[in-house]
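In what follows, a structure is listed as structure tokens, so that the remarks can point back to it.
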């Protein structure tokens with residue numbers, strides 16, 4: 001930081017403040033994680049100096065010979081990790097990865113997609129009216145059964161037969177249960193549609209077999225690399241070789257220019273890390289931790305959407321507590337516990353307020369915490385939510401959070 005501190009002390013100070021926030025607190029946002037020092041080093045490298053429009057062996061600029069090797073390593077490692085036929089590592093984000101699939105197989109203003117409603121667990125880029133996807137395509141959305149709070153595959157099939165979409169999107173940002181990707185592809189096949197699985201949240205779990213993988217099951221698989229994969233912020237697309245050329249064309253020149261080669265290098269590093277046996281142990285622990293935390297919260301009387309979790313996240317319904325998600329998020333934040341407000345099935349509040357909280361275990365698991373610590377964290381959450389106006393309790397919990405965090409380095413030896 002010495003160069004930055006000299007050149008721009010304001011930015012250096014703010015980065016240090018954020019470092020201390022992460023060090024001293026507990027990161028329980030389900031979409032966040034910690035990258036390794038190796039990934040950080042790759043992302044901060046001189047690769048950021050170079051333009052590399054195009055693909056390996058077909059660049060529009062000279063001097064890309066090392067960039068070609070880096071991108072090929074990233075692609076090959078991703079294919080090995082997921083046993084994929086074709087991989088594109090250039091998307092700047094998961095949303096752009098999704099956009100590339102849509103652009104490849106749908107006609108703007110004409111074709112229809114079918115996807116999970118945002119309020120019931122989906123994602124903005126899956127056809128929300130405020131997203132490009134909802135503005136450019138016709139959209140029909142499915143949800144969960146309001147009694148079980150699970151995806152009703154029969155209802156999905158019934159809707160598909162009625163609306164006849166060009167693409168069926170599966171995958172979610174706030175669904176705590178296992179997704180049956182094979183069932184979605186079979187439904188898509190029955191109506192002549194493509195199926196796209198967005199595994200941004202569960203990619204690390206899918207890569208290690210902790211959650212069933214959609215790769216080679218559905219037509220297209222998209223993901224981010226920064227959640228359970230524990231890599232840099234970015235996106236990827238995997239598909240069968242028959243779709244590879246049109247996907248690559250949709251990314252470049254379709255919607256992006258030069259790839260972010262420093263980020264692609266970071267992706268390559270994270271894919272290598274995910275291929276190690278220790279990463280499978282990590283993925284298993286993420287789920288064990290989520291289930292341990294869910295057990296503690298549920299036993300204390302908090303209502304868990306669907307009754308628990310099969311993956312890395314927990315969705316809490318605060319309706320019966322007289323709290324909003326926003327109020328709970330703010331109170332827990334004061335105690336050093338970072339979570340996010342989230343809509344729940346049958347939501348009746350604004351997405352800026354919500355009736356729910358989303359909690360995840362990837363980041364605290366990366367710090368080395370296990371089930372015992374999850375029970376402890378669950379108790380912290382319960383104490384704060386019991387009375388969010390009790391500043392003395394919030395202060396006491398914050399001190400305990402800091403003490404717990406101090407025992408688990410932000411960068412343990414495994415990172």
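Note that Cβ sites are derived from N, Cα and C of the backbone, with glycine treated the same way.
Cβ neighbours within 10 Å of residue 352 ((6S)-5,6,7,8-tetrahydrofolate binding site), excluding its own Cβ and spanning all shown chains: 9. Residue 352 ((6S)-5,6,7,8-tetrahydrofolate binding site) falls outside any helix or strand according to DSSP and counts as coil. Residues annotated as (6S)-5,6,7,8-tetrahydrofolate binding site in Swiss-Prot, with sequence analysis given as evidence: 118, 122, 123, 124, 350, 351, 352.
Residue 227 (N6-(pyridoxal phosphate)lysine) counts 28 other C-beta atoms within 10 Å of its own C-beta, drawing on all protein chains shown. Feature annotation from Swiss-Prot assigns N6-(pyridoxal phosphate)lysine to 227; the stated evidence is sequence analysis.
In the three-state DSSP assignment, the secondary structure recorded for residue 226 (site 'Plays an important role in substrate specificity') is coil. Around residue 226 (site 'Plays an important role in substrate specificity'), a 10 Å sphere centred on its CB holds 27 further CB atoms from the protein chains shown. According to Swiss-Prot, the feature site 'Plays an important role in substrate specificity' maps to 226, an assignment based on sequence analysis.
Maximum intra-site Cα distance, (6S)-5,6,7,8-tetrahydrofolate binding residues 118, 122, 123, 124, 350, 351, 352: 16 Å. Counting every protein chain shown, the Cβ of residue 122 ((6S)-5,6,7,8-tetrahydrofolate binding site) has 25 other Cβ atoms within 10 Å.
Applying an 8 A CB threshold to same-chain residues 6+ apart, the list for residue 351 ((6S)-5,6,7,8-tetrahydrofolate binding site) reads 118, 119, 343.
When secondary structure is read from DSSP and collapsed to three states, residue 124 ((6S)-5,6,7,8-tetrahydrofolate binding site) falls in the helix class.
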